[in-house]
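Colleague: The structure that follows is given in the form of structure tokens.
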Amino acid sequence: MTTLHILGFPRVGAKRELKFAQERYWRKELAEQDLLDLAKALREKNWLHQAQADADFVTVGDFTFYDHILDLQVATGAIPARFGFDSQTLSLDQYFQLARGNKEQFAIEMTKWFDTNYHYLVPEFQKNTTFKANPTHYVNQIREAKAAGHQVKPVIVGPLTFLWLGKEKGEAFNRFDLLKQLVPIYFEILTALAAEGVEWIQIDEPALALDLPQEWLAAYQDVYAQLAKVNAKLLLATYFGSVAEHADLLKALPVDGLHLDLVRAPEQLSAFEDYPKVLSAGVIDGRNIWRANLNRVLDVLEPLKAKFNQRLWIAPSCSLLHTPYDLAVETQLQQNNPELYRWLAFTLQKVAELQVLKQALNAGRDAVTEQLNDSQTAADARANSNVIHKAEVAQRLANLPANADKRQSPFAERIKLQNKWLNLPLLPTTNIGSFPQTLEIRHARAAFKKGELSLADYEAAMKKEIEFVVRKQEELDLDVLVHGEGERNDMVEYFGELLDGFAFTKFGWVQSYGSRCVKPPVIYGDVTRPEPMTVRWSQYAQSLTDKVMKGMLTGPVTILQWSFVRNDIPRSTVCKQIGVALSDEVLDLEKAGIKVIQIDEPAIREGLPLKRADWDAYLQWAGEAFRLSYMGVKDDTQIHTHMCYSEFNDILPAIAGLDADVITIETSRSDMELLTAFADFKYPNDIGPGVYDIHSPRVPTAGEIEHLLRKALKVIPKERLWVNPDCGLKTRGWKETIEQLQVMVEVTKKLRAELAE
């Protein structure tokens, strides 16, 4: 018989029940016991869904109140010493303080979990870190599930991935040196799990899909030789990429089974067809929301079944944490877009797909004819749908002129033309894009969406807000103005709602971090722009002032990265389609007299593949898609872009290759360190390093901004330097925003006068 198991389940519930309970608990509106009871009910529901789908085990240890890597920091005693907490007796309140900070200590840093849109809390390792086992989190969940009558498989992230994901703090050392102390602690934790009578323990080592240094790879053999002494079988799970280059290493490891991601890297299967133990085939996509073509999946699985027999397990490619909970609650989508609805599968539907596959492998395809026919019909409909495939989009991409993604003239010539009409002072000041969104604005948007506010009243509310934002900027004496983006709920969703080829769910939430969830748009078809999206707002804003108004768009790579993307054509093609659609908007803005246009790309870096060897291909198509978004603009139109993150050094040639006339970047928190990379690289175009951190309500002193600007002037010629905040101001309040910008403008004017002398 084929074994069915799940690597992990979403934690937040079908309608974000956990999120709302957590937030009520933090506001002291919910008792701790009530939060614990709700969490238990959610776990029981998750286990029941797995059991009802004929899973051979239910997975435990995957549920967390905030983050599974934070749970591991507690379980190994590796919580940051700076908090002064005892990991053995940690309270729920203290646990949340680690994640959210308190009056004395800032929160543990967050970063992206591999190349997903989930964030984990980065372990802080010090030279003198001492580990201490506390398996309570896992043991309690095992007991809970067993008490409910389930067969149980606990999951824990492995020691090498855990160490790799952390950062060294304090005195310089290599965190790899902590491995020999960490492994006995893992042994202690696994021994406690085995003592609960579990047959299998799943140990996740996704770091194997990265370019790990040789000494880290070499350590796997010894680490797992020690862990294999535990009185339970070990399933080593890899995902997010191919581990084929480590096939010899993995075959020799003393574990009892291996999980492979055959969705992200189907080609790696050939390297493991002689694997002598349990092979878990990750055949259902754990990171996207499309139904699988089950006949095609069986074409892969049936030969494996013949070869591996009882040793074949089936599973999703990775944890289902990255997919929404249940398609069945999307009644609105089912009514409005029944065709698209039939092509989708959320977590519960994916579990059901695995159940069908298990039945087919155990009893033959005839046992599930109806389900297989239904799957095939949906796949065929999707392949041939004219809702998805638009001949004119494919033609337009195929017939782009040879240098469609190149400006007419090089930057040195363009900037002269731009400066001539812009007539800006030295060190021009601007804002990144958004201004604070008041409750009033949010209410107006929501009421309009629900049909409670007429179009005329909605437009009046937005125009009133735009005028307010423009007047405030004039009072502050900023040089290049923005309209404030009051009409936008989210920088991707706003454009997705106005572009063809996108759809939206009502409950398609996935966890981003802690209680924060995001609802990505669904890109299901060829992308086009049926009509202008931003022109009237920017045009209205420009009509209110003689100062230069900047148009604001979200770039193609960011729209791609923050959406669920169709899987029937390459991501690169989808990205170029978005770029071409945006170019229509850019040209319409230009025609309307908006000749400074910003195309934001905060997500270009996070799209980088996990393996370095794949970077160039990605950066090439991502860069092309970005340049296509402004194709055809005149030389005297100034294109800006904005990026927010701290690591640029390794992709600077690609950033320069975007050929934006002005790039604004987040630099204040790193004390302008980032700029040295731009200077060493001799970055050729204009640059606006952020001079204060917008993530805090604190108003910077004149001295702080002056210090940063003087640092910037040391490495960037004054003629090419812009002055701006780090990021958009949407999440700030108006009071601190005005005060922050006042300081920024005053310091700029002081330095301007000095430079003029």
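Yeah, the Cβs are placed from backbone N, Cα and C, and that goes for glycine too.
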Colleague: Given that Swiss-Prot lists ILE432, GLY433, SER434, GLU485 as binding L-homocysteine, which residue among ASP326, ASP588, ASP600 does it place in the same site?
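Modeller: My reading of Swiss-Prot gives ASP600 as the candidate in that site.
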Colleague: Of the candidates LYS103, LYS112, LYS682, which one does Swiss-Prot list alongside ARG16, GLU17, LEU18, LYS19, ARG516, CYS517, TRP562, GLU606 as binding 5-methyltetrahydropteroyltri-L-glutamate?
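Modeller: Record source Swiss-Prot; matching candidate: LYS112.
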Colleague: Other than its own, how many Cβ atoms are within 10 Å of the Cβ belonging to ASP600 (L-methionine binding site)?
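Modeller: Around the Cβ of ASP600 (L-methionine binding site), 25 other Cβ atoms lie within 10 Å.
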Colleague: With a radius of 8 angstroms around the mean position of the C-beta atoms of ILE432, GLY433, SER434, GLU485, ASP600, what other residues of the same chain does the L-homocysteine site pick up?
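Modeller: Other same-chain residues with Cβ inside the cutoff are ASN431, VAL482, MET491, MET552, GLN598, HIS642, GLY728, LYS730.
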Colleague: Around ASP600 (L-methionine binding site), which of the listed binding-site residues (LEU18, GLU606, HIS642) come within 10 Å, judging by Cα atoms?
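Modeller: Of LEU18, GLU606, HIS642, within range: HIS642.
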Colleague: From the Cα of ARG16 (5-methyltetrahydropteroyltri-L-glutamate binding site) across to the Cα of SER434 (L-methionine binding site), what is the distance in angstrom?
Modeller: 28
Colleague: Can you give the largest Cα to Cα distance in Å, as a whole number, for the residues ILE432, GLY433, SER434, GLU485, ASP600 that bind L-homocysteine in the record?
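Modeller: Site span for L-homocysteine, by Cα atoms: 13 Å.
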Colleague: List the Cα distance (Å, whole number) between LYS112 (5-methyltetrahydropteroyltri-L-glutamate binding site) and HIS642 (Zn(2+) binding site).
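Modeller: Roughly 20 Å, rounded to the nearest whole number.
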Colleague: Tell me the coarse DSSP state (helix, strand, coil) of LEU18 (5-methyltetrahydropteroyltri-L-glutamate binding site).
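Modeller: Assignment for LEU18 (5-methyltetrahydropteroyltri-L-glutamate binding site) reads helix.
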Colleague: Specify the nearest of the binding-site residues ARG16, GLY433, GLU485, GLU606 to HIS642 (Zn(2+) binding site), where nearness means the distance between Cα atoms.
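Modeller: Nearest in space to HIS642 (Zn(2+) binding site), counting only the binding-site residues, is GLY433.
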Colleague: Hey, how far is GLU485 (L-methionine binding site) from CYS727 (Zn(2+) binding site), Cα to Cα, in Å?
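Modeller: Here the two Cα atoms lie 13 Å apart.
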Colleague: Might you list, by sequence position, any residue in that chain lying six or more from CYS517 (5-methyltetrahydropteroyltri-L-glutamate binding site) with a Cβ less than 8 Å away from its Cβ?
Modeller: VAL12, ARG16, LYS19, TRP509, VAL510, GLN511
